[in-house]
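Heads up, the thing below is written out as structure tokens.
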Amino acid sequence: MPLLGGLDQRWRNWWIRGILSIVMISLFAVVIYLGPIALSLLVVGLLLKCFQEIIAIGYSKYREHNLPLYRVLNWFIAIVASIFIYCDNFFYYYPELKGTTGLFSFFGQYHRIICLSLYVAGFVLFVLTLQKDLYNTQFSMFTWTHITLFLFGCPAYLSIQNTFESIFWLIVPVSLVVCNDIMAYLFGFFLGRTPLIKLSPKKTWEGFIGAVFATMLFGLVLSHMLAKYDYFVCFKGGTDCERPAIFVLQEYNVGTFFFYLYPAVLHSLALSVFASLLAPFGGFFASGFKRAFKVKDFADVIPGHGGIVDRFDCQLLMAVFANVYYFTFCRSPDPDKLVAILLSLPLDQQREIFTHLQQALANTS
């Protein structure tokens, strides 16, 4: 950026990171506006980009071995995994599409066996390419591929689940990690004196502690704002639903003082604590990985930020925690979802369920 050429390197990086952070947040807001399907496709796209950055490091290490079909097999397995991750969620949350005709119906019914068959074909092809002098290297890279897909694929799968359950459960965890990262950088930039951890020498205790309080405050405000709007809390980004109990205002009493609050705001505190205290260890893990392979960043996609993995390393643990927390403490039965599943069944099965419901309701009355 020519306009920043007169600044010293420290301030130049500060402005570059700041401007591009605003750009990325704005683009994320656009995708949020487009809805849960667009958000879930974004997750899959980020998964593939992260996979590419990690695999590129492995390729640079083993390039001289000229492994047979190395890149073809890697990308074949990654694409099959991505198709499974997306379709398994998509057809679970849109079961009515299985009852249609054509490609949606076929793939909705058989996507699992299709993906498994494709993976087995890739597995067989890998075995057929094994060469005597390259066994150790080939199996190392095969393991590298699968561990990478596990570390990034599981959070991607759960993030898509969160998105379809309600956009709230994607936006809040992601935003908390982003807030914590920004606040840690700002507090560390202006106040940082005491190193936090050797794996990340630029991290400071001042930045870490300041970010904890800033993230908790931000979480309270953001969750309260989002809980007001049906689009963020309804199933699959709907705008007309029976709100889950955690998104209905409730009265709380503290002594003689009472106030109204969405229970989701209180749940955001747990997410904020995790985003502040434990999610950063994903970043420390990534720093250790980069040190092991003597690279500064995973890629050079975003000036001042590095690669996509550099921006999303802390999101991995956060996505898993948000999903487990939601399904453990917050999820309630959704009538709309149950109706959609029932309507996707054959007509004779619908009649059978209807008869059972009639009998059950008659017995209870």
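Even glycines carry a Cβ here, placed using N, Cα and C.
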Annotated transmembrane segment segment (source TrEMBL; candidates 142-160, 313-331): 142-160
Contact yes or no, the transmembrane segment (257-286) and the transmembrane segment (166-192), 3+ Cβ pairs under 8 Å, gap 6+: yes
Chain residues outside the transmembrane segment (72-94) and at least six past its termini with a C-beta under 8 angstroms from it: 37, 40-41, 44, 47-48, 51, 55, 107-108, 111-112, 115, 118-119, 122, 125-126, 129, 141, 145-146, 149, 153, 156-157, 160-161, 164, 236, 337, 340
Long-range neighbours of the transmembrane segment (41-60), counting only residues six or more past its ends (CB under 8 A): 31, 70-71, 74, 78-79, 82, 85-86, 141, 144-145, 148-149, 152-153, 156, 159-160, 163, 293, 295, 298-299, 301, 307-309, 312
Same-chain residue ranges lying at least 6 outside the transmembrane segment (166-192) that approach it to Cβ under 8 Å: 14, 17, 21, 25, 28, 32, 35-36, 39, 159, 202-212, 214-215, 218-219, 222-223, 226-227, 231-235, 237, 244, 247, 264, 268, 271-272, 275-276, 279-280, 283, 314-315, 318-319, 321-323, 326
Other parts of the chain folded back onto the transmembrane segment (110-130), taken as Cβ under 8 Å at six or more residues beyond its ends: 68-69, 73, 76-77, 80-81, 83-84, 87-88, 91, 138, 142
